[in-house]
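Novice: Quick one: structure below, then a few questions.
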Amino acid sequence: MRRISKRKHREKIRLVTLNFIFIILCFVTLIPIFYTLSVSFSGQGAALSGSLSFLPENPTLENYRAILLDEPFLLWLKNSLILSVGTITISMICAVPAAYAVSRWRFPGRCGILKALLVLNAFPQVLSMFALFRVLKTLGLLNSHIGLMMIYAGSMCVFAIWNMKGYFDTIPVDIEEASKIDGANNTQMILRIVLPLAKPAITVTCVMVLITVWNEYLFATTFLLDSDSYSLAGGLYQLQSNDYSRSWPMFTAASVLASAPLLLIFFKIQKYMVSGLTAGGVKG
Amino acid sequence: MRHRFKTKAWLYLTPALLIIFIVIVFPILYTGYISVTNMSLYHWSDYKVIGLDNYARALFKFDSVFLSALLTTVLWTALNMVIQLGVGFLIALGLNTPKLRLKRVYKTLLMVPWAVPAYISILLWRVGMFNIEFGVLNKLLTLMGFGKVDFLSNNVIAFCSCMALNLWMALPFMIATIDGALQSIDRGLYESATLDGAGFWGKIRYITIPGIKPIIAPAAVMTTFITFKQFDIIYLLTQQRGYMTGATLNTVITYAHQNAFVSNNYGLSGAVSMLLFIVIILFSLLTNRSLQED
């Protein structure tokens, strides 16, 4: 009797310690976020003062007003949306049929293509950026959203094909054959049977493309030179690379606004991210 | 029948292959071509083929920055992976303690850094954490009565700062993956091990680690590639144009980028890029084989 209560006691102490450790860990992890939020809601002088507090002393929305009205934040947002929608459209038009083909049909060259795609995916695109720069310059596509969309779509295509192939593989072929017996032709079958079944997979892939485009800054700042075509990444980059002592509070407000939608989307699809990423990333 | 499949399959693949060729394959080939020329700012259009000089310069020049950058990259990748796997494992193990009621809350909070766009995290850390006047770290040091530290001023401290930030950004993925793997282990195994008299560490060694290995291995390989390719952190923290911080820290990727976009030595940059591509292909062939054997 006594021994059991002693063991329970020890277990309790262990749980309390563990909870304590996790609370500290979460707090430390979130310090940069708390600090950003606090700066974004405080007046100009607060960030410079020596004191450190995670609650703004005189809360104000001035930084948010400034970034939304004095800076072209809404234009950047619009450009980011255009880039995202364009990239998703192009990459899906290319990747969905390709993923379907490699998942359903066995044809000579199939394995070769799948392996080649993985190798290409391993190449860091930063390294061919100068070549891309020259290509875009020659084609007159520097500064244009179309050029950037093509680049994003091409690089996301590899990931999208692998990711969706994995899902297509899990849809039983029997369903398709049944519909063929019922007299549906190939196009009808794909549009009416396969795509609705694959909708979750396609949605998740689209969201991942969206996240990538939204988060990309290097190409966006290298290929879009005209401030009217800046995406959010370009705008925020420029905001901090100017005189950040002046614009730092405004930059935090912009960061909060640019990250918030992504945070919501992320936690909605998070459970797919782990499995999808690893399945698409490595498995051969 | 077979023949019909073949034409149709290639038809379905055409748009994807076309765009992949234009955006990925052609630039790689073009980079390969640039790497054997003397293209630079002074030879923008009147460049000529000079053979393998750029490769020789990257590999065999006495004070080659490329080789030291390669060493930095290997050190960076190895340290990051060891710490990520170790710390990620410990945290995930803690999260999976039975009767930890707030598990979901802790896990969600720990995932937040993953959800923030990477460039925003880096730029926020640059000023919000590391900066001399605005940074939390320096404010803390001042409060505790120490002097201020410039966290990006020299190579060693900049390397550590970059690593801290990389861990902050990358650990959530590791924790989520290991946590998922831990949940896939049959609880019954632990119970029978307890009956057999196995201790805490014995269970970890003989049940937990073998149980999660098949799931962790591909994720670890993927993270190794990502860490090896990491460019944004070092570039945005220490090498922004006009804001060089004094550290001359370079990984191979930032070195190639610097040669192309700062010192405008396109030929050398191309050679470095091609060498890296070969390294990466070899590495991926090697890991693919070892993963399949498991």
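Cβ from N, Cα, C; glycine included.
What TrEMBL records for this protein is below:
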TRANSMEM  B:12-36  transmembrane segment
TRANSMEM  B:65-93  transmembrane segment
DOMAIN    B:70-287  domain 'ABC transmembrane type-1'
TRANSMEM  B:105-125  transmembrane segment
TRANSMEM  B:156-178  transmembrane segment
TRANSMEM  B:215-237  transmembrane segment
TRANSMEM  B:266-286  transmembrane segment
Novice: Using Cβ atoms only, state whether the transmembrane segment (B:215-237) and the transmembrane segment (B:12-36) have three or more pairs under 8 Å that are 6 or more apart in sequence.
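Specialist: Touching, no - the transmembrane segment (B:215-237) and the transmembrane segment (B:12-36) miss the threshold of 3 or more Cβ pairs under 8 Å.
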Novice: Among B:12-36, B:65-93, B:105-125, B:266-286, which stretch has the highest count of C-beta pairs below 8 Å with the transmembrane segment (B:156-178)?
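Specialist: Counting Cβ pairs under 8 Å, the winner is B:65-93.
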Novice: Report, as numbers and ranges, every residue of the chain located at least six residues beyond the transmembrane segment (B:65-93) whose Cβ falls under 8 Å of a Cβ in that stretch; write 'none' if there are none.
Specialist: 58-59, 110, 159, 162-163, 166-167, 170-171, 174-175, 177-179, 182, 204, 208, 216, 220, 223-224, 227-228, 230, 249-255, 272, 275
